[in-house]
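Novice: Checked TrEMBL, it gives:
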BINDING   B:Cys108, B:Cys111, B:Ser112, B:Cys113  Fe(3+) binding site
DOMAIN    B:17-197  domain 'Nitrile hydratase alpha/Thiocyanate hydrolase gamma'
Amino acid sequence: MTDRAPEPVFTQPWHAQVFALTVHLNESGLFSWPDWTARFSDTLARHGHARELDGGDDYFNAWLETLERFLAELGRAAPEDVERLRAAWEEAYLTTPHGAPVRLRE
Amino acid sequence: MPHDDHDHPHALLPPDPALRVRALETILTRKGLIDPAALDEIIDTYQNRIGPRNGALVVARAWSDSDFKARLLEDATPVVADLGFFGRQGEHIVAVENTPQVHNMVVCTLCSCYPWPLLGIPPAWYKSDAYRARAVREPRKVLAEFGVTLPEGTAIRVWDSTAEVRYLVIPMRPEGTEGMSVEELADLVTRDSMVGTGLPRAPA
């Protein structure tokens, strides 16, 4: 827990992506930052009841869950659409030859 | 499955949350709600251009210029904005100064509010339940785990960040730094010293 060795800002690419997505949606006016943090705090508290959160993957899993729920509530991304596209991306990864760019079929 | 890239018949499948983020991006892009180029710009900014060096320059300037420090302590938001460091979420920055009597320490008990423009993205420990819960309850013990032992007579003040207010600790200027330039002083200012979980480096 010292700052002698530099640590990466984001340890996983998707941490950076979900962070940027949220900052971008806030800046484009979809929601205010205090609204975001209130919801995010609730998710962290809820997850923290079950076990101690480590501040890494745990933290960004809570972040993603908050964003998914918020976008569903705002009517911007319905859970069934998210699941359909998640499956479509999975399919795309599994059927794209290694080294080729992964693209959605639909 | 091990990451045996040579034998992979297909592209490496990212973890489930990464696919869910991709799904959100696809939906929102198709609805015209996001601009993928803007996402790349945000990632690049936080990964490469914003970090604790910004805060270190503010601290070093405060150490070198008492007028600047007075303005910073009175209302840091416009002072750091003049230097080009402003909160994208419109938050206020409050600077708190360490003295021989008081050591300041920053936490966000509810989530992980942090002075992004000055320090970048918080480290994992700042976001952990352990730090968030214990910083307020037993700050002296937490500091000891960071290797910081304060004199008995120094009080510890813990500041709880919010979405609207973020704190920057101005640590005490180390001894033996007379005559050093702002740039040289900034090299002594660590990220942790600006969160209050560390002290500045001693001059070489």
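Placement of Cβ uses the backbone N, Cα and C atoms for every residue, glycine included.
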Novice: With H, G and I counted as helix, E and B as strand and the rest as coil, say where DSSP puts B:Cys113 (Fe(3+) binding site).
Specialist: coil
Novice: Check each residue in the chain of B:Cys111 (Fe(3+) binding site) that is at least six apart in sequence and keep those whose C-beta is under 8 Å from its C-beta; list them in sequence order.
Specialist: B:Lys127
Novice: How many other Cβ atoms sit within 10 Å of the Cβ of B:Cys113 (Fe(3+) binding site)?
Specialist: 27
Novice: Given the model, what does the mean pLDDT over the domain 'Nitrile hydratase alpha/Thiocyanate hydrolase gamma' (B:17-197) come out as?
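Specialist: Summing pLDDT over the domain 'Nitrile hydratase alpha/Thiocyanate hydrolase gamma' (B:17-197) and dividing by its length gives 93.
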Novice: Return the residues near B:Cys108 (Fe(3+) binding site), defined as same-chain residues 6+ apart in sequence whose C-beta is under 8 angstroms from its C-beta, sorted by sequence, else 'none'.
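Specialist: Sequence-distant Cβ neighbours: B:Tyr114, B:Tyr126, B:Arg132, B:Asp160, B:Ser161, B:Thr162.
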Novice: Which of the three DSSP states, helix, strand or coil, fits B:Cys108 (Fe(3+) binding site)?
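Specialist: Reduced to three states, the DSSP call for B:Cys108 (Fe(3+) binding site) is coil.
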